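Asker: What TrEMBL shows for this protein is this:
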type	residues	note
ACT_SITE	62	active site, proton acceptor
ACT_SITE	132	active site, proton donor
Ligand SMILES: Cc1cn([C@H]2C[C@H](O)[C@@H](COP(=O)(O)OP(=O)(O)O[C@H]3O[C@H](C)C(=O)[C@H](O)[C@H]3O)O2)c(=O)[nH]c1=O
């Protein structure tokens, strides 16, 4: 398992080792021991999976506030996405900055999005399936979001707003400015 930092250090790219043979391949997609050896102590309590039929589907930017704030380990079972994490940790020097990376079923790579970040993605292919582990259960009362096209974050998405597929909820998400809920200060 290869673990590297993205431009915001706490967001990590994880590439499990693939064991290929004439049948195909095998890989351990999650290992508590490997994570602990890399200093990642996340305890995941729920697995999520979403299917998006159209390329250019955007889900996000979402997060849950404490005490149900979630870290997420995101991977793609089919297709590919541009995955995005936005730093919302109150007091963080990179507050409001984002990192993004393409993760795909072909590469088998994963993104670890820590607590304190909003998360979203845009599908790059039709029929894309995303699987992710989260470190806290779903709590609608603690679910929050920020507009995917917030001007202060200014994410370089691979789809124009007019062509993107979003839920009504995500279309109505507020801007970052004046976000009422703040996370705990960075560790
Ligand atoms: C997240 C979640 C949702 N739901 C129910 C609530 C709705 O009835 C339905 C669809 O939920 P939503 O539209 O919030 O799903 P996404 O837009 O894919 O949201 C996710 O997309 C972005 C990328 C994320 O990072 C979050 O984990 C998550 O918010 O599933 C549940 O029952 N449990 C859950 O954990």
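From the backbone N, Cα and C atoms, a Cβ is placed for every residue, glycine too.
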Asker: To see if you understand the setup: which same-chain residues, six or more apart in sequence, place their Cβ under 8 Å from that of the residue listed as 'active site, proton donor'?
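Answerer: For the residue listed as 'active site, proton donor', the qualifying residues are 47, 48, 49, 72, 73, 74, 75.
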Asker: Enter the number of other CB atoms within 10 angstroms of the CB of residue 62 (active site, proton acceptor).
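Answerer: A count of 18.
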